[in-house]
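For reference, the structure discussed in these notes is given below.
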Amino acid sequence: MVKICGIGAGYVGGPTMAVIALKCPSIEVTVVDISHSRISAWNSDHLPIYEPGLQEVVQQCRGKNLFFSTDVGKHVSDADIIFVAVNTPTKSRGLGAGKAADLTYWESAARVIAETSKSNKIIIEKSTVPVRTAEAIERILTHNSNGVSFQILSNPEFLSEGTAIEDLLNPDRVLIGGRQTPEGQKAVQALKSIYAQWVPEDKIVTTNLWSSELSKLADNAFLAQRISSINAMSALCEATGAEVSEVSHALSKNSKIGSRFLNSSVGFGGSCFQKDILNLVYIAESNGLTEVANYWKQVIQMNDYQKDRFVKRVVSSMFNTISGKKIAVLGFAFKKDTSDTRKTPAIDVCKGLMRDDASLSIYDPKVSEDQILRDLAMDSVECDHPVHLQPVISPSTMKQVRIVQDAYEATKDAHGICVLTEWDEFKTLDYQRIFFSMQKPAFVFDGRNILNAGKLREIGFIVYSIGKPLDPWLRP
Ligand code: NAD
Ligand code: UDX
């Protein structure tokens, strides 16, 4: 029986290894992690991450050909193929701080592989890494191995959170990069044959190692760029009376552009986009390509502008002061159908509102109270290393923020509502009931354009929808 070991039981490692186990019953898959709490959660009925369909896949395979363990050395040593899906956050200190990828976790995984391996192995980069990381990893492995040979492949993951299982079961494509040597190509074929158990062959794309590593960074940069582009248009729409959803629709009908990633929003979040663009910027700068670096930096600057613009809109609409006013925040996750809050725009928006002394009442269907308070207490660099930090929550944060269990409690007596995540349940709330329970004038700031602004206006709300013509009240 072929044995696979997945290092890193996070948002990528957990679901990816579970789907391989599901689709390849003849392969034994063990997912290992240094975090005892994560592994015990994977072995329980309360998985450490919320992802539609994940629980069912894990329940089907766990204990049969899918296992979770903290014994990293043993399972690495036993495996024929090792997927490394450890976190690669932005470096918080030292050379390249704030931009370069922190490869500490990757390097420590590589050292364990080198120290414990007694047989030849295929090592697969699942984590998103800077271009030419495979070369560095190869050096660590070959200089520390005892005559064992390793083939390194790049196999970046393209799943999106919230649809991870669907994306893994029906990927647009699987990308595999390998060395152009006979041994390298043999390893590529071995990995290809695993995916071929459920992915059509024409969707499995093979390249050289560096193209594969760079394609992952480029992929995220292109997606984020589309969102920043439509968000730039949203500001122009508000200034001119154009409607961003109509502009998006018109663009989407151009087959050269297509329809996805054109929803204007309060800004993109998630653990990948900002980190991977910064990574790209750093690589460009390191290669002396200043113009290239500046081009991609602008995608992040536009995202920051969009979050900042939203906060300013809230403050300016509410008579230039939100001091002491209760503001309901609906949604904290970085998108719907996930409990993940990494780099969620809600963090920056809430912090912006708190700087103006608002009193926040936050409701999210899946994010825990503890997580929200920690996110609001951490600075942006600490947020990149959440697994290892337990920040102290200051009394002022506690005083300004209440986490509540439903949207009606959040909005009661509030002056305004900010919708920051597009959870479906927010579309069907009883807004008449909410209006009666709020202070007047009652404001809605829809950061995701999911609410029916016309109906809300009929009820009596003053409504701001990103990129839509402004209510007379909100015009300068
Ligand atoms: P994560 O933080 O959820 O999980 C990483 C896990 O690795 C953690 O549980 C950590 O404890 C563990 N770990 C770190 N060092 C280890 C070691 N030496 N040995 C064993 N375990 C170790 O991260 P994630 O969101 O799953 O992302 C993992 C990688 O995949 C990153 O490079 C990320 O950029 C990339 N990626 C993420 C997504 C996504 O949507 N989250 C999508 C595609 C690619
Ligand atoms: C992203 C990439 O899509 C995926 O390919 C990669 O593997 C990991 O990074 P993820 O971060 O999980 O996936 O979610 P995604 O659906 O891309 O959304 C990212 C952010 O952009 C979210 O905050 C989302 O709300 C926002 N977004 C997305 C928009 O604001 N508008 C859109 O049109 C699409």
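The backbone N, Cα and C atoms fix where each Cβ goes, and this holds for glycine too.
Residues or ranges marked as NAD(+) binding site by TrEMBL: 8-13, Asp33, Arg38, 86-90, 127-128, Glu161, 272-275, Arg342. Secondary structure from DSSP puts Glu161 (NAD(+) binding site) in coil. Long-range Cβ proximity for Glu161 (NAD(+) binding site), meaning a same-chain Cβ under 8 A and a gap of 6 or more residues, is found for Tyr11, Glu51, Gly270, Phe334, Lys335, Asp337, Thr338, Asp340.
For Cys272, the entry in TrEMBL reads active site, nucleophile. The number of other CB atoms found within 10 A of the CB of Cys272 (active site, nucleophile), across every protein chain shown, is 25.
Under the heading domain 'UDP-glucose/GDP-mannose dehydrogenase C-terminal', TrEMBL lists 328-453.
Break the domain 'UDP-glucose/GDP-mannose dehydrogenase C-terminal' (328-453) down by DSSP state and the numbers are 50 helix, 19 strand, 57 coil. Checked against ligand 2, the binding-site residues Tyr11, Asn87, Gln274 give no residue with a Cβ under 6 Å from it.
According to DSSP, Thr90 (NAD(+) binding site) is assigned to a strand segment.
The Cβ neighbour count for Thr90 (NAD(+) binding site), using a 10 Å radius and every protein chain shown, is 22. Checked against ligand 1, the binding-site residues Gly8, Thr90, Gln274 give Gly8 in sequence order as having a Cβ less than 6 Å away from one of its atoms. Shown in sequence order, Val31, Asp33, Val84, Ala85, Val86, Asn87, Tyr105, Ala109, Lys126, Ser127 are the residues of the chain, 6+ apart in sequence, with a C-beta less than 8 angstroms from the C-beta of Gly8 (NAD(+) binding site).
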